[in-house]
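Trainee: Straight out of Swiss-Prot:
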TRANSMEM  2-19  transmembrane segment
TRANSMEM  23-45  transmembrane segment
TRANSMEM  69-89  transmembrane segment
TRANSMEM  92-112  transmembrane segment
TRANSMEM  121-141  transmembrane segment
TRANSMEM  148-168  transmembrane segment
TRANSMEM  194-214  transmembrane segment
TRANSMEM  217-237  transmembrane segment
TRANSMEM  263-283  transmembrane segment
Amino acid sequence: MSLVVFTALVGLLVAPVTVHPMIALTGILFIALGAGASGALNMWSHEDIDRVMKRTRNRPVPSGTVAPGEALGIGLALSGIAVVMLGLATNLFAAGLLAFTIFFYAVVYSMWLKRTTPQNIVIGGAAGAFPPMIGWAVATGGVSVESLFMFALIFMWTPPHFWSLALFMKSDYSDAGVPMLTVTHGRRVTRAHVLVYSLLLAPLAVAGAFTGTGGPLYLATALALNGWLLVGAVRTWRRDEAQAEADRYRVEKAFFRFSLYYLFLHFGAILAEAALKPYGLGGW
């Protein structure tokens with residue numbers, strides 16, 4: 001959720017318009033509320049999956065802290081409040097985009113894609129990529145090349161991020177009956193997919209330096225991060241399964257952790273470029 005709020009905040013702050021602080025604050029508040037609503041609906045629909053998986057069994061619903069019906073009620077109520085209040089506080093386009101994001105995550109991804117196809121996180125990754133577009137829409141009332149770039153950056157980042165997790169959590173997904181790529185096609189194929197998507201992600205991320213939100217600082221950051229991304233992806237791809245099991249997937253876990261910092265640092269660089277522009281130091 002922290003990544004959702006941060007990327008939405010970046011999308012809002014780097015838009016080329018002046019936003020009243022109260023509008024910005026309420027916009028981020030209701031986007032965060034929408035993210036919380038999505039999480040509640042996800043826990044309701046995934047109660048059977050979360051109860052089996054080690055990394056999710058302590059969540060409120062599978063642990064018994066919150067009943068499934070309560071999670072559903074909370075999720076629906078928070079969704080309605082978040083969408084309506086965002087529309088009243090900012091604009092209808094941003095509210096509509098938030099409503100679509102909640103629906104896509106809670107219904108299309110959580111209830112359908114995750115349970116039916118190994119491409120679940122490829123298609124479903126769109127849900128996590130919308131927040132900066134919503135933030136941008138709060139500020140401008142629309143979309144632009146820059147907000148579409150931020151969407152694309154998260155969308156292309158999602159598969160290697162989650163597939164690297166699936167490499168060392170394969171048994172969890174298998175036990176829960178989730179058709180992750182590691183379960184349906186094996187780790188060798190998944191490693192190749194991590195490499196391919198990383199090769200697609202790197203030039204896209206670097207190209208962002210030449211959009212309206214880019215600049216020399218972003219370019220330097222992107223070159224360094226994507227160089228390291230490709231090194232990690234190649235190392236992950238080349239790994240022998242026996243070696244990976246022997247060291248408990250040390251390389252795969254390191255790549256997964258790096259991927260978290262990767263996205264935060266890219267968006268941090270985008271935000272820094274915007275902060276430097278008033279002083280003539282950001283952008284080209």
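Each residue, glycine too, has its Cβ placed from N, Cα and C.
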Trainee: What residues elsewhere in the chain lie close to the transmembrane segment (263-283), defined as a C-beta under 8 angstroms and at least 6 residues from its ends?
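Mentor: Hits for the transmembrane segment (263-283): 3, 6-7, 10, 13-14, 132, 150, 153-154, 157, 161, 205, 208, 212-215, 217-218, 221-222, 225.
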Trainee: So which residues does the transmembrane segment (2-19) touch in its own chain, when a touch means Cβ under 8 Å and the partner is 6 or more beyond its ends?
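Mentor: For the transmembrane segment (2-19), the list is 27-28, 31-32, 35, 128, 131-136, 138-140, 146-147, 150, 154, 212-213, 260, 263-264, 267-268, 270-271, 273-274.
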Trainee: As a test: from 23-45, 69-89, 92-112, 194-214, pick the stretch that has the greatest number of Cβ pairs under 8 Å with the transmembrane segment (148-168).
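Mentor: So the stretch in question is 194-214.
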Trainee: Mind checking which residues reach the transmembrane segment (194-214)? Cβ under 8 Å, same chain, six or more beyond either end.
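Mentor: Result: 14, 16, 144-146, 149-150, 152-153, 156-157, 159-160, 163-164, 167, 222-223, 225-226, 229-230, 232-234, 236-237, 255, 266, 270, 273-274, 283-284.
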